[in-house]
Each structure stands twice: as structure tokens, then as C-alpha cells.
């Protein structure tokens, strides 16, 4: 029997995957309007490649991108209706630039640059293509895939880890993709192998995917690089920290990534997007999203374009919005959608529809009773009740000493808490404060370093100024007197030195003025 990897903590969930007969991908048509969002803090005036009323084609880049963000592309052919600042549609805490595109329903594509043999291209050329076509992590991190590959090359990674773990019971997008497009995912793995020069490929998948595991094992019989690693069915198994800890027993240090210890992790959907970008020349403009309706227990995996309003998706599926609560995310990390005009984003992987209810008891937070449930389920072996106490009392030193930055925000502790304490909300706020403290400390170090350079520069200027004794008529100073700053009655004190400097500057400026008057 094949070894099954496990990790501490976590919880077992009843899966709904077995209730589904087939994993069919439902295609969603184009809406009338698409909404593309760019974070305002990464936006620059020269990033836009389009203007209002401009005609665009499907796959045409809308922005140039920079080091902090990849280009975004038009999901349809049509024209740009508006470009405006929006701070309410997605998050009230962040500002976005919203580009509204009106579809002409013709779906006219730009000319795609397809590659038949990627091995004829250098790794740098392929990474550039991946960047230009806007591929980012689709597992939730939203990190630039090109940047990750560059870091992997610089760190000399040895193992590619294919993250096929979907531990949330309501998210089956990756499983659906692997069921329908497994051969293309293998091509994507080979492309990443060519770029990063890894010597091992580990496909990490949970134990309940029995049919898919047997299918993968039959396909990799003649592939020496590939190996299947089966993970115990628990949540949260898909975190990179959990996967590396389960497979190797190693912890990823704070401030580091799996790349730093030789492991390059890519989500299944991201690998598929890389294959589409390199082989087919297609930018990342669509993705598979899982949709689960609690009212009739219907489940669908839909292939939908980035920028499609969620309201349009629900209307197309004939789901009543007024009597339902719409959530983005899975069972544990979901958040209530307040604006149904919010579009599908690149990191949107699941939509939950539940009956509209107001649970008053759930909103009441009680004091911590130290039951220890949160400690038992924490997958990274933290002490959530202690972190909560320190965070609540603004004890930032203690929270840092208790490794709060290692929290993966899986929300298990919050869901299991009998006192209904929003633990992760406290942790997120404290982590934000810790990041601000780190930034301030870095600024202080930088300012102090610059201050030292300035003092050294001023001292050198004074030293070079007094090296020539002829600069002063009635002053006899030596360099040792200035540098040592000794208080001696036979020498001029510091105030006299500064006074002489000012006199010399004034004298030279008067001479220049006289010369100028003579020339006139």
C-alpha cells in the first residue's frame, strides 16, 4: 500500500465530491459588460494601454504591467466604455482602477503566437511570455508566476510540487480540470521543468481522489521524473507550508518561501494556464469556478471569463439573488458578497449560495474559556488563544515571539471556537501592525545609515577644505586638530572654524560679483 502523508492538526470534512456523478465543465456566455480591476497602489499613469471609446480585441493587453503586477487582458472584443476609480465594488479598504468593457459578442481575437516546440526557446524567453500573458497563481496567492520561476532559477530548486490538493469540500475546480485536461497539465509540468531544470516532480493529491490517482499513475509509468504523493484527507491540506511539512518534515522559515529550501510549488490551474500561454499563446482571461447552491444542493463547475459580473452568472443559472446570501470562497475562508456587480477575479475559485438567515447568536462574542480546541486543530502548531490575548491587548512583542506571522489564516480556529471569537480577524490586524513595525524599523535603519554617510561626507569636505593652508590668511590649522576636536587654547575652537568657513564663502562670492561687474 502506498504511503499516505499526514500533518498535525486540521479537521476532517464530509465531502460532497462523491455525490457528483460527472465533473462537467459548463461554459458561461459573454455578458454585456466586463469589469476589469487594477489595484490603485500598483497603478501608474503610464501603465494603461487603452483609452475611453477605444476598440479592443479579445486577448488584447489593457495594461503594460510592471515589477509588482502582470499585464491584464481584455476577455472579449468590444470597446472601452469607462476608466474610473472604484473603492467599493471589491473592498472598502482598497482602491481600484475599474475598466468597463462593452462586449460586441463577436469574440474576435488578436493574433496568437503559438509555439510548437518550447525547447527551441530559452528559459528567459518563456518566462517573458508567461509574464506578458498575465499568468498568476490561481490557488489564492495571486503571485506572479514569472516572478516565481525567476526566483526558482536563482535559488536552484530541485523539485517541482504540483499542488492538486483541494481540501475544502465545496471547491472542486482543480479536480474538475484534472479530470478533463490531465494531458495538458502534464505538458505544463514539462514546460516548467524545462525552465527551472528541476529533477523531480511530485504530484500531491488527497486520498479520496481514487479514480484520478489511478489515472495519473497509469500516465506516469514511463515518466521517471514524476511521482504521486498521497495526502491524508484533512483541511487545510493545500497550503504550501502544510505540503512541504508533510512531504519533507521541514518548516518554511518566516519571511521565506518553499523556493528557498529547493521546492517550487504550482497549483494545477496555474500549470494549465502556463501551458495555454506557451503552447496556445492565450493570455489568462478565464478560469474554472466551483458553484454550490445549498438550497437545492446543486453543484456546477463553470468555465467563466475574468471580469464577468457575478450577478450575470447567477441570473444565467436562474438563481434568485434576493432571498439568498452569496459568498466568495469555500466553507472555511468564505466572505459575504455585498455587491453582486463584483466581477470574477483571477483568484475567485468558488461561489456559495445559501439561504438568507440572520443568526443573532453567532454575532455575539463571548470571553475565551481556554477550552484548547483551537490549539488542537491548528495545522502549524500555534497557540491561537495566546495570540488572541496578545493581539487584543496590543502586546506586539509577545505576538511576534509567539510566531503570529506563521499563521496561514485557514480559519479553523475561528470556526471551531465555542465563544464565537473572530480570531483570524484579530490575527490579520496584528499581522498588518507587525508589517508596519517592520517597515518602520527598516526606514529607521536606512535613515541612520544615510545620516552616517552624510556625517562622513561633511567631515571629508572639511578635511579637504583645510588641507590647503593658503585658503586662510591668518589661520594656521592642521587636520589633526579638526578630526580629533581637542579643546586646546593654542588652537581655534569649532565655532571659529565654522565662522572662518562662512567668511571664506562670503569672500569668494564677493570676488565673483566684482569680476561680473567688471565684465559688464
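Glycine is treated like the rest: Cβ placed from N, Cα and C.
Nobody curates TrEMBL annotations by hand; they come from automatic prediction.
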May I ask you to find which of 350, 407, 410, 417 TrEMBL records for the [4Fe-4S] cluster 1 site already listed with 368, 371, 374?
417
If we skip the immediate neighbours and take only residues 6+ beyond the ends of the domain '4Fe-4S ferredoxin-type' (399-427), which ones have a Cβ under 8 Å from one of its Cβ atoms?
9-11, 235-236, 239, 241-242, 254-255, 332-333, 361-369, 371, 373-374, 377-380, 382-384, 386-388, 390-392, 434
Please list, in sequence order, every residue of the chain apart from 378, 407, 410, 413 whose Cβ lies within 8 Å of the Cβ centroid of the [4Fe-4S] cluster 2 site.
9, 374, 377, 379, 380, 382, 384, 408, 409, 411, 412, 423, 424, 427
Using a Cβ cut-off of under 8 Å, list the residues of the same chain at least 6 residues beyond the domain '4Fe-4S ferredoxin-type' (360-388) that approach it.
7-11, 236, 239, 241-242, 398-399, 402-404, 406-408, 410, 412-413, 416-423, 426-427, 430
Could you say whether, by DSSP, residue 371 ([4Fe-4S] cluster 1 binding site) belongs to a helix, a strand or a coil region?
coil
Local confidence of the domain '4Fe-4S ferredoxin-type' (360-388) - pLDDT mean:
87
Work through the binding-site residues one by one (407, 410, 413) and name whichever has its CA nearest to the CA of residue 374 ([4Fe-4S] cluster 1 binding site).
413
